[in-house]
Amino acid sequence: MKVLLANPRGFCAGVDRAIEIVERALKLHGAPVYVRHEVVHNKFVVDGLKAKGAIFVEDIADVPNEQVVIFSAHGVSMAVRKQTQDIDATIYDATCPLVTKVHKEVIRKQKQQHQVILIGHKGHPEVEGTLGQSNEELQLVETIEDVGRLNLSKNTPISYTTQTTLSIDDTKHIVDYLKSKFPTIDAPKKDNICYATQNRQDGVKILMQSSDILLVLGSSNSSNSNRLREIAEKMDIPAYLINDADEIDELWLKDVNTIGVTAGASAPEVLVQEVIHYLCDKGVTKVIEVNGAKENIHFPVPKELR
């Protein structure tokens, strides 16, 4: 058996930055620091930060006054931001800069009196944060059927934007339908699209040309990790989303010659290497790094933590 390793894989710049913010805040202030929602959607990462003194909460009401509070990489609504200010917290914002760009774009379009459509998954924390960026209503669509139910004024400009963990491929069918239904609709700027989401999906497509199965390192609540699994499944290749090597079922490897391995944007490389070690123990004799898009993007932490 052999393993094909996808490139790029694992941490993106936004995840790197978010984790670094929590670690630097702990070093500067000491434990505990409070993090609103999981800073990134990965159990291994979250458990590691908990061990260092981070406390993860879903509701700011669970945070005592005058504490350190960090917003997760997914972003928060204006209401959550105000609630945190009201308890005199020291705030560090780990929102991915690409998510922040979407927030600013939504606010800008609404100031221009546009009706704004958000393509995304209902209930995802990034979507909840984007929906809560202003008092004006955004209309959320998840499917083509949702587009048919939109209640829009014919005399007001229309714009759309997307959840950053959805690639161009993920949203193409909805975008195409929106453009056919509303020919003058404004599209987001190209640089609002998350480079990491698209690159990791493109990497999986390359792997799937030569792989019998795909193993995706990532947590079940990670949107981008689930999309990687779905790409393989749409190509009729068995794919499994796993937290770590312990979750691999040996039956998956029966009669398999080539195993594709990748990791979602919030999964650390150490987990990939543990999987490789496990597979080598099970008979893998060759591990090949497959070429993909090069990434050299870095997002700095807030100046207060430098």
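Glycine is no exception: its Cβ is also placed from the backbone N, Cα and C atoms.
Since this is a predicted model, take the numbers as computed values, not measurements.
Sequence annotations record features per position, and here Swiss-Prot assigns [4Fe-4S] cluster binding site to Cys12, Cys96, Cys194 based on sequence analysis. Following the DSSP three-state reduction, the secondary structure of Cys12 ([4Fe-4S] cluster binding site) is coil.
In this structure, Ser223 (isopentenyl diphosphate binding site) is part of a helix by DSSP. Residues or ranges marked as isopentenyl diphosphate binding site in Swiss-Prot (evidence: sequence analysis): His41, His74, His124, Ser222, Ser223, Asn224, Ser266.
The Cβ of His41 (isopentenyl diphosphate binding site) has Gly218, Ser219, Asn221, Ser222, Ser223, Ser225, Ser266 as same-chain neighbours under 8 Å, each 6 or more residues away in sequence. What Swiss-Prot records for His41, His74, His124, Thr164, Ser222, Ser223, Asn224, Ser266 is (2E)-4-hydroxy-3-methylbut-2-enyl diphosphate binding site, and it gives sequence analysis as the kind of evidence.
DSSP assigns Ser266 (isopentenyl diphosphate binding site) to coil in the three-state reduction, placing it in neither a helix nor a strand. According to Swiss-Prot, the feature dimethylallyl diphosphate binding site maps to His41, His74, His124, Ser222, Ser223, Asn224, Ser266, an assignment based on sequence analysis.
In the three-state DSSP reading, Glu126 (active site, proton donor) counts as helix. Around Glu126 (active site, proton donor), taking its Cβ as the centre, 26 other Cβ atoms fall within 10 Å, counting all chains. Annotated active site, proton donor per Swiss-Prot: Glu126, in sequence order, evidence recorded as sequence analysis.
Its Cβ placed at the centre, Ser266 (isopentenyl diphosphate binding site) has 32 other Cβ atoms within 10 Å. Using a 10 Å radius centred on the Cβ of His74 (isopentenyl diphosphate binding site) and all shown protein chains, the other Cβ atoms total 28. Glu126 (active site, proton donor) is 4 Å away from His74 (isopentenyl diphosphate binding site) when you measure Cα to Cα. Taking the Cα of Glu126 (active site, proton donor) as the reference point, the closest of the binding-site residues Cys12, Cys96, Cys194, Asn224 is Cys96.
Cα spacing between His124 (isopentenyl diphosphate binding site) and Cys194 ([4Fe-4S] cluster binding site): 16 Å, rounded to the nearest whole number. When other Cβ atoms within 10 Å of the Cβ of Ser222 (isopentenyl diphosphate binding site) are tallied across all protein chains shown, the result is 25.
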